[in-house]
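Report on one structure; see the data block that follows.
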Amino acid sequence: MMPVRTYHHHHHHNNSNNHRLRRIIPRVLLAVFAIYAVSFAAYLLRHQSPHPHPHPAADPERDAVDAAGGGGGGGAVDRVRVEAPSSQKPWPRLPSFLPWTSASVRPPPKHSCEGYFGNGFSRLVDVLPARGGGGGGWFRCHHSETLRSSICEGGRVRLDPGLIAMSRGGEPLDQVMGRAEEEELPKYEPGALQVEAAAKRTGPLVEAGFLDAYVPTGGIGMHTMRSLLDSGRVVPPGELHCSQWVEEPTLLVTRFEYANLFHTITDWYSAYVSSRVTDLPNRPNVVFVDGHCKAQLEQTWEALFSNVTYVKNFSGPVCFRHAILSPLGYETALFKGLSESFSCEGASAESLREKPDHQKTARLSEFGEMILASFDLLRDDILSSKTSNGLNVLFVRREDYLAHPRHSGKVESRLSNEKEVYDAIEGWAKGQKCKINVINGLFAHMNMKEQLRAIQEASVVIGAHGAGLTHLVSATPDTKVLEIISSMYRRPHFALISHWKSLEYHAINLPGSYARVTDVINELSNILKGFGC
């Protein structure tokens with residue numbers, strides 16, 4: 001009987017072992033899986049980045065500094081942190097967008113159309129190279145031989161408002177009437193700009209020879225970007241004393257003629273190009289390094305970019321993880337085209353994708369779309385309904401309004417009988433077979449979204465030579481232009497913009513500033529025939 005009992009006992013023992021194993025194995029597997037999951041999560045957190053930083057060497061240590069800017073990088077806050085997703089606005093999808101930087105895109109030839117409007121900033125000059133092992137700042141410039149200007153950028157860059165002599169900026173207009181323009185433009189003391197070196201290097205950031213080669217004055221009386229670079233100093237590691245850190249990429253911009261739409265659009269274009277050439281993943285912040293008072297156009301800066309402030313609003317020295325110095329508006333193709341002759345015409349991005357041509361450009365259309373998208377106007381429903389209710393003839397008016405502290409509130413008349421011409425067109429339109437809506441473009445009394453919508457919906461834009469016509473950068477490709485030009489203002493601004501946008505352009509050149517109503521109506525009538533009217 002014993003063998004039988006032994007057999008039964010052994011069988012029972014095996015059963016209990018199997019039972020225990022069946023309980024233990026899942027637990028072991030679960031524990032192994034949990035350890036693996038935790039270590040994988042830790043790995044992800046350690047390597048997480050919401051978007052590729054364009055310059056990984058800019059600041060590898062990533063000091064634990066609040067994204068809003070608090071802390072001077074000392075004491076308890078110096079701990080490694082997980083980078084938060086960007087708070088900056090993403091780039092909108094633009095139908096006319098063409099790549100600015102990519103291995104497959106070769107730099108455009110010097111003095112070509114794309115060299116003027118696109119990424120002709122093809123010469124990279126390393127002023128302060130980033131250290132391979134990390135640590136320290138960096139500084140470099142992208143130079144355009146075509147425009148004879150540079151877009152400069154750096155990491156661990158300090159700007160000290162206390163070393164910039166100018167007005168505070170951003171004040172209400174009525175508080176600063178009569179203030180001289182010189183007071184509003186920056187004068188820098190040495191060290192106003194500082195960049196932290198990776199090694200114990202000190203001294204000027206750049207020499208005079210560098211400035212002459214890469215940031216020449218080019219006939220600009222007060223070249224503030226050159227002056228800012230001239231004030232630049234390199235400081236050793238740990239010597240960059242900051243009251244505040246700005247984590248996000250930031251454009252440093254100095255505006256001239258900031259209340260004038262034409263000059264402001266040159267500033268917007270320069271800021272847009274600077275953002276694309278430096279390959280920013282999102283729309284940057286903007287710091288105005290000027291002391292101009294509040295102006296209506298500031299709202300459009302805020303719509304185009306992520307955040308806008310004045311440098312004098314910072315309470316002390318402010319440091320940037322990534323700062324970009326945007327060239328002056330005077331250095332853009334929009335301005336240089338007034339005095340330099342170059343072959344360039346507008347084309348659709350679609351045609352340039354199929355057949356690249358450096359003597360054609362879609363960049364102004366891309367930029368116009370950027371402005372529209374910033375006001376949520378780049379919508380198919382707006383474009384598809386453009387002519388559903390008749391043809392819009394937009395008459396861009398010049399009217400009196402107080403623009404800046406040195407302004408009388410009166411605008412020079414470029415068309416002495418503007419009201420007579422407007423009334424005559426309105427009367428004539430009512431008698432036509434096809435439906436023509438004459439739109440009274442009192443732009444100085446319309447907000448930017450209303451102005452852009454009026455331009456977008458216009459089949460014909462008509463007006464005396466004046467800054468309001470610069471909105472043509474946002475016109476749709478089928479828009480036709482009629483400019484009435486007095487003998488005192490025979491300048492090519494809007495003929496050129498129309499050409500660079502490939503818009504059909506017509507002009508009436510007046511012997512003085514008085515237009516014969518019949519001449520204007522005859523010209524307008526001929527233009528409308530092109531719409532089958």
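Glycine too: its Cβ is placed from the backbone N, Cα and C atoms.
Per Swiss-Prot, the feature topological domain 'Cytoplasmic' maps to 1-23.
The transmembrane segment feature in Swiss-Prot is assigned to 24-44; the stated evidence is sequence analysis.
According to Swiss-Prot, the feature topological domain 'Lumenal' maps to 45-533.
Taken from Swiss-Prot, the feature region 'Disordered' covers 51-78.
The compositional bias 'Basic and acidic residues' annotation in Swiss-Prot covers 56-65.
Under the heading N-linked glycosylation site, Swiss-Prot lists Asn307 (among others). In three-state terms derived from DSSP, Asn307 (N-linked glycosylation site) belongs to neither a helical nor a strand segment and is classed as coil. Remark: Asn307 (N-linked glycosylation site) has Gln88, Glu248, Asn285, Val286 as non-local neighbours, by Cβ distance under 8 Å and separation of at least 6 in sequence.
The annotation N-linked glycosylation site is assigned in Swiss-Prot to Asn313 (among others) on the grounds of sequence analysis. The Cβ of Asn313 (N-linked glycosylation site) has Arg168, Gly169, Gly170 as same-chain neighbours under 8 Å, each 6 or more residues away in sequence.
Across the residues of the topological domain 'Lumenal' (45-533), the predicted structure has a mean pLDDT of 88. Following the DSSP three-state reduction, the secondary structure of Asn313 (N-linked glycosylation site) is helix.
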